[in-house]
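Step one of this worksheet: look at the structure below.
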Amino acid sequence: MKILRKNHPLLKIVNHSFIDLPTPSNISSWWNFGSLLGACLMIQILTGLFLAMHYTSDTTTAFSSVAHICRDVNYGWLIRYLHANGASMFFICLFIHVGRGIYYGSYALSETWNIGIILFLTTMATAFVGYVLPWGQMSFWGATVITNLLSAIPYIGSTLVEWIWGGFSVDKATLTRFFAFHFILPFIIAALALVHLLFLHETGSNNPSGLNSDSDKIPFHPYYTIKDLLGIFLLLMALMILALFFPDLLGDPDNYTPANPLNTPAHIXPXXXXXFAYAILRSIPNKLGGVLALILSILILATFPLLNTSKQHGLIXRPVTQTIYWIFIANLLVLTWIGGQPVEYPFTMIGQIASISYFTIIIILMPLSNTIENNIIKL
């Protein structure tokens with residue numbers, strides 16, 4: 001068997017990626033989230049496949065087909081709630097994974113980092129088109145509001161929006177194409193994840209110390225396969241608790257009302273996962289400015305390798321940048337909270353302050369703290 005896994009053309013790839021892969025001996029549980037994201041993706045593809053067997057992407061029957069899945073299909077309610085809450089768990093793991101990358105300086109592996117940003121954007125797009133499918137009030141109005149943002153693009157905006165809608169409003173054509181996108185995108189994510197892994201294995205994993213770990217590597221199996229399995233077990237436990245005890249905790253009650261183009265909900269809040277980006281969008285009064293800020297809030301992650309001037313790798317022994325990092329995380333949580341609040345006096349102001357802080361911390365404060373720490377080292 002040992003010879004087979006090292007010589008067989010297919011098994012050799014698996015062997016180099018998951019069995020004999022040289023891995024730093026000191027990577028902590030923060031490194032588990034990559035495998036957890038893989039597990040989430042598999043759960044989403046499997047539950048999604050079973051949902052797609054019973055779902056109909058037609059405006060007249062979409063809402064009732066989801067109700068039919070929950071009421072009449074064997075364990076349909078479980079599959080539906082695992083899929084909906086699985087998406088939330090996916091994003092929680094994704095945010096922690098990116099946060100770990102920033103904290104430990106994993107952005108130094110620029111190819112892996114950039115593919116990661118593309119994966120992040122693709123996942124957000126998948127979640128958005130998926131949110132439209134149940135065809136409830138929030139699905140319909142969320143689709144209308146978010147697709148309408150493209151009309152802010154000069155000259156081609158209005159044409160582009162109508163092209164995406166397939167008509168003059170969000171209707172049957174929109175729902176059908178969104179279902180098609182929602183079906184194909186997870187497979188594109190899976191392919192991109194393989195490219196992400198390919199680039200990672202070219203350089204090897206980073207580690208908490210930020211030092212070169214070539215002198216102290218251990219095989220991935222059995223050490224990290226067991227560690228990853230424990231992480232996956234805990235993830236499944238959390239997902240089951242969420243899906244069985246609090247299935248609607250992260251959803252919106254408005255989505256239990258069928259879509260009605262004549263009745264607008266009191267306030268349109270996106271899915272909990274994209275709330276921070278939505279808060280940044282809303283904090284700018286100008287439409288085009290808001291759209292640009294929304295896109296930049298994600299793309300700004302690509303500046304981390306460029307703006308990093310520190311002589312040390314990661315934040316493990318950098319107290320100034322560590323403090324700024326945790327302020328940044330707190331700021332992100334504030335933005336997430338604001339994204340789900342109505343557009344009223346205290347919330348709009350808090351949102352604007354938090355949005356300015358978000359960009360200021362990344363573009364100004366972090367590079368500044370790098371310079372300060374470099375000068376302290378010289379003393």
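Using N, Cα and C of the backbone, Cβ positions are placed for all residues, glycine too.
Residues or ranges marked as transmembrane segment by Swiss-Prot on the basis of similarity to another entry: 33-53 (among others).
Swiss-Prot lists 77-98 (among others) with the feature transmembrane segment.
What Swiss-Prot records for His83, His182 is heme b b562 binding site, and it gives similarity to another entry as the kind of evidence. In this structure, His83 (heme b b562 binding site) is part of a helix by DSSP. Taking the Cβ of His83 (heme b b562 binding site) as reference, residues of its chain lying under 8 Å away and at least six apart in sequence are, in sequence order, Gln44, Thr47, Gly48, Leu51.
The heme b b566 binding site annotation in Swiss-Prot covers His97, His196. Listed in sequence order, Phe33, Gly34, Leu37 are the same-chain residues six or more apart from His97 (heme b b566 binding site) with CB atoms under 8 A from its CB.
Marked as transmembrane segment by Swiss-Prot: 113-133 (among others).
What Swiss-Prot records for 178-198 (among others) is transmembrane segment, and it gives similarity to another entry as the kind of evidence. If you look at the transmembrane segment (178-198), the same-chain residues 6 or more away from its ends with a CB under 8 A from one of its CBs are 17, 37-38, 41, 44-45, 48, 52, 55, 57, 112, 115-116, 118-119, 122-123, 125-126, 129-130, 132-133, 143.
Within 10 Å of the C-beta atom of His201 (ubiquinone binding site) sit 14 other C-beta atoms, taking all shown protein chains into account. Per Swiss-Prot, ubiquinone binding site is recorded for His201.
Feature annotation from Swiss-Prot assigns transmembrane segment to 226-246 (among others).
For the transmembrane segment (288-308), same-chain residues at least 6 beyond its ends with a Cβ under 8 Å from one of its own Cβ atoms are 98, 102, 105, 107-108, 110, 113-114, 117, 120-121, 124, 149-150, 152-154, 276-278, 280-282, 355, 358-359, 362-363, 366-367, 370. Among the features that Swiss-Prot reports, transmembrane segment is placed at 288-308 (among others), with the record citing similarity to another entry.
Sequence annotations record features per position, and here Swiss-Prot assigns transmembrane segment to 320-340 (among others). With a cut-off of 8 Å between Cβ atoms, the residues of this chain six or more beyond the transmembrane segment (320-340) that come close are 99, 102-103, 269-270, 272, 274-280, 282, 310, 347, 350-351, 354-355, 357-358, 361-362, 365-366, 369-370, 372-373.
Among the features that Swiss-Prot reports, transmembrane segment is placed at 347-367 (among others).
Residues of the same chain lying 6 or more positions beyond the ends of the transmembrane segment (347-367) and with a Cβ under 8 Å from any Cβ of it are 279-280, 282-284, 293, 296-297, 300, 303-304, 307-309, 321, 324-325, 327-328, 331-332, 334-335, 338-339, 341. A Cα-Cα distance of 29 Å separates His201 (ubiquinone binding site) from His182 (heme b b562 binding site). A helical conformation is recorded for His182 (heme b b562 binding site) in the three-state DSSP classification.
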